[in-house]
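Engineer: The structure is given below, and queries will be raised subsequently.
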Amino acid sequence: MTVGDITPNKEKGSGRSKHVADEKAPLLPKQQDEDAVHDEFNGASFIGAVFNLSTTIVGAGIMALPATMKVLGLILGVALIIFMAFLTDASIEFLIRFSKAGKITSYGGLMGDAFGKYGKIMLQICVLVNNIGVLIVYMIIVGDVLSGTSSSGVHHAGVLEGWFGQHWWNGRTFVLLISTIGIFSPLACFKRIDSLRFSSALSVALAVAFLVIILAIAIFKLISGTVVMPRLLPDVTDLTSFLKLFTVFPVLVTAFICHYNVHNIANELKNTTQIGAVVRTSLASCSIVYIMTSVFGFLLFGDATLADVLANFDTDLGIPYSYLLNDAVRVSYAAHLMLVFPIVFYPLRINIDGLFFPSASPLPQSTTRFAFITSGLLILIFLGANFIPSIWVAFQFTGATAAVCLGFIFPAAVTLRDRHVISRKEDRMLAIVMIVLSVFSNMVLVYGNAISLLKKNQ
């Protein structure tokens, strides 16, 4: 499945686009609206776009993927990661092809074109729920890494606790407060997504460093013969264990969600015809990283793998310099998530503004509104990270609701609506499969969770 180009109201290769003052208007303000502030901007490069989209994809979802191997086994787990990559590619292809046909430059505009005002509002609400949930997960992981976690019932010490012992200043709430004020807030204040290309490049480098360290540890333990052969297939013994298989679906969906940023990145590309190559390059590279992290993470910890695999790196791994490597793994990925944070925050702020201030001037031109929305969202995310106990809980909620709508249900619905009469028979069949798979998996997930709660209460 290939991804087409998106060239609304402009010639291919142009970095500028004309303002569209109707329902199709993008949630992302067009560049000429920001010319007074960003005259020097001539369009984003291919590499910068790949870094930004890859950073959108490889966020916190990678930390929960080794736990999906514990549920599915290696063979089924790897197969589902590959399947989800192809399904994501197909859904993004739907978005871009129908956007091109309608000369539309935003996901919200596409939903508005297909389903009117309420379609656009539904999209904005889903971006709000999904991105707030994902950003809360990022903060939870940063808190787990720096201050430790007891969500599994056993306390796993954080990096600061291991270095200095337990003190009030390295407690979870205080550490997250300082991180929010000193790191998240400054990064969230950029008004153009291409301004984050260097932090995105650094975040990708940190993710690669994280993967290389895990790979080296796993290979060392394989050579020394201290790794137990992992389970290849799921262990299904009764109805409860069968229903548990579906708990991984929201995690896998969340791991590949990047749809809300595709138009934003395409709008800023110097040559918009490159968006297809940007998407394919990003999905292929991220899938490789996902598979390697899942396999080698599960190899290291087996059935002891936690929902947040970073929390496993707090004990002696049985290798030289174990504790030094533990800290390197955890710190590198926590730093990666801190740099990913603004990439996910950017479309969230744009959609919040479009939802509550649809008739206002472009957000970058209003310093007061920009500051109000940014600070309000940061406070909400900070509070959520302090009260939600586990990333698995957050992933199941966002993945089973907003993420599945953004990733599969909305693109499929646009294809079936087919306002511009361009869908093929195979497109409509694939769209139906996306919707049926999403709805069925989520229904089984909800049923399984209800059964588990009932058994706990008995």
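Cβ coordinates are placed from backbone N, Cα and C, and glycine is handled just like the others.
TrEMBL entries are annotated by machine, without manual review.
Keep in mind it's a predicted model, so treat the numbers as computed, not measured.
Per TrEMBL, compositional bias 'Basic and acidic residues' is recorded for 8-24. The domain 'Amino acid transporter transmembrane' annotation in TrEMBL covers 44-448. What TrEMBL records for 1-24 is region 'Disordered'. Per TrEMBL, the feature transmembrane segment maps to 46-65, 71-96, 121-141, 173-190, 202-223, 243-262, 283-302, 331-348, 369-388, 394-416, 428-448.
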Engineer: What same-chain residues lie close to the transmembrane segment (121-141): Cβ under 8 Å, and 6 or more beyond its ends?
Structural biologist: 27, 59-60, 63, 107-108, 111, 115, 176, 179-180, 184, 254, 257, 260, 308, 310, 333-334, 337-338, 340-341, 344-345, 347-348, 351-352, 354-355, 377, 380-382, 384-385, 388, 390-391, 394-395, 397-398, 401-403, 405-406, 410
Engineer: Between the stretches 46-65, 202-223, 369-388, which one has more Cβ pairs under 8 Å with the transmembrane segment (331-348) than any other?
Structural biologist: 202-223
Engineer: Find the member of 283-302, 369-388, 428-448 that has more C-beta pairs under 8 Å to the transmembrane segment (46-65) than any other listed stretch.
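Structural biologist: Counting Cβ pairs under 8 Å, the winner is 283-302.
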Engineer: Using Cβ atoms only, state whether the transmembrane segment (428-448) and the transmembrane segment (243-262) have three or more pairs under 8 Å that are 6 or more apart in sequence.
Structural biologist: yes
Engineer: Sequence-remote contacts (6 or more beyond its ends) of the transmembrane segment (71-96), Cβ cut-off under 8 Å?
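Structural biologist: Distant contacts of the transmembrane segment (71-96): 1-6, 65, 107, 110, 230-235, 244-245, 247-248, 252-253, 255-256, 258-259, 262-263, 266, 275-276, 279-280, 283-284, 286-287, 290-291, 294-295, 298, 407-408, 411-412, 414-415, 427, 430-431, 434.
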